[in-house]
Amino acid sequence: MNWRTIIYVVLLVSLTVAKALPRTSRDVEGKKSIGQRFSQLHENNFKAIALIMFAQYVPGGTFGRAAGMAERVTALARSCAAAARDSPDCLQPLDRIFFDTICQEKNLPRIADCCAKEDPERNDCFLSLKNFSQGSIPPLGRPDAEAACRNYSQHQQPLTAYFTYEVSRKHPFLPAPTILSVALRYEEMMKRCCGGAEGPSQHLQECFRTQAPKVVKPVREDALRQEHTCGILKKFGERTLKALKLTQISQKFPKADFVTVHKLVTDVADMHKDCCRGDTLDCMRDREDILQYVCSNQHILSSKIQQCCEQPLLQRSECIIHVENDDKPADLSPHIREFIEDKGICERFAQEKDTHLARFLYEYSRRHPEFSAQMLLRIGKGYEDLLQECCKPGAPSGCRSRGEEELRKHIYETESVMRTSCDIYNEKGDYYFQNELLMSFTKKMPQLTSAELIKFTKEMTTIGSKCCQLGQDKLLPCAEENLDLVLGEICRRHLADPINPGVCRCCSSSYAFRRPCIGKLEVDESYVPLALTPGLFAFHGDLCTTEEEKLQHRKQEMLITLLKYKPQISPEQLGSVTAAFSAMRERCCGEANPEACFLKEGPELIKRSEKMLSA
């Protein structure tokens, strides 16, 4: 059975079986044994799941050792399925069997302390190793085309297994279904590119150049979304994550009643808790339970998900996430004034605060698919603040009525920010729009490296190209929700290596207000500007390259250095320095020896620029 078949069968069978896997060792009673699961999954499928688990839990090991452990667990399962099903080893919970197998290995990095513990502490210890290893392994790179095709023609199944292992150890929190779908895309790429391996090497290189991003990009995007969600849960807690999921599910399924939406929110939050802890088996089971519930209740949830639910489990989850929101009920009133005008509001708020706020957020979100989830959370926080103030004893009688005016003001401000950004993008295009962002973010966060600033602003520019072409009803969800991913990256970077007090405040105080908070940051007053040293501004012949992308990158690096040297530079001063630089570059690149010209003209430019900047 080849790996393509294995992956399909694993997803269609193992995720269903995963419901029965024990959440902890205490849950073993009444669950299926390892032998029963082996019989249902079949050998190759069982081994594929085992390989992923060992790669994720022991990322410092090797492919050979992970594959060897998978073989041993599979041999035990085969034995239990055949005749020894009443053996004590066959009745152990599956997670305990996996960890026992790891602990039987000698000289694996950092596992001795974990293996000295008893369950469930041992399980928690192994989960902590996932946290330790995250980010310590280099990311996936593009394979050497000719060598990859030679290996593929000789070792097709082991090569795909090795790729699965590499993805698993590099992304220890990535759910198994995602990894298996990536392995399937890898298999398809290898068949497409290596099918004509006898052809010219440049054809192979071109095939890999175009196909590799289709394999690697979804891994990065899925890993980023997973890390982003886990970052929200870790930093802001379960209540914030549930509020976020409440807005998103209410928008996706506006016909569903509050009780149904609330159940889904709770289930999804529980799933993320398991996935973010790294509990591979529980994460798989939770996801399948949710998909089964959603697809079994299409009639009360959405008319748009039928095609998703007809797909294999591999595609089903992604399909439902990306399917368009269902149509709003025809009889849904445009306003929810009862949350402001009803006389019993303050009493309900006092008695069941979270439920009342959740109902408000549900009702408002299902009516406004044109708003971003983050904006809806800000509206929910504004409503909470309004009630806290207006429900106090002695509050003026018309206190709550000002809520609508404040709401309109916030909506206008948010839409204005997005429209203004899109106007700039549409006027300037990618490169100059990114330069505008670089000027802003270098002043806000000068502690970031040039590479980091260019990376983050490049991602923001991509959001502009993606979202600014959409209509007003799609702009906000697209722009702010994608921007939220980039800001989440920045905040996780801050947690790993603090940037400055302003970023700390924005990343720590409120998830919903993170974007407007960072937007309002100005020049970081705590930053000590770079000193003007002989090597700070270096001009060389690479400035004469005809490759526009390389030249733009070099110019952006110099722009960042200039802003770190003079954070308070005015637009007029920047324009003067830029014009002087462009004139020097044009002059030197026209010389027979550009390097000698830059060596002579560069110091003169720096002197003239110093005078401009000190004026």
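Backbone N, Cα and C define each Cβ position, glycine as well.
Remember, TrEMBL labels are computer predictions, not curated facts.
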Candidates CYS275, CYS276 - disulfide partner of CYS283 as recorded in TrEMBL:
CYS275
According to the record in TrEMBL, which candidate from CYS103, CYS114 pairs with CYS125 in a disulphide?
CYS114
Looking at TrEMBL, which one of CYS468, CYS504, CYS506, CYS507 makes a disulfide with CYS491?
CYS507
With CYS478 as one half of a disulfide in TrEMBL, pick the other half from CYS467, CYS468.
CYS467
Of the candidates CYS103, CYS194, CYS207, which does TrEMBL name as forming a disulfide with CYS149?
CYS194
Across all protein chains in the structure, which of the disulfide-bonded residues CYS308, CYS309 has the highest Cβ count within 10 Å?
CYS308
The rounded CA-CA distance in Å from CYS309 (disulfide bond) to CYS80 (disulfide bond) is 34
What is the nearest of the recorded positions CYS275, ASP279, CYS283 to CYS491 (disulfide bond), using the Cα of each?
CYS275
Looking at the domain 'Albumin' (22-216) alone, can you tell me the average pLDDT?
79
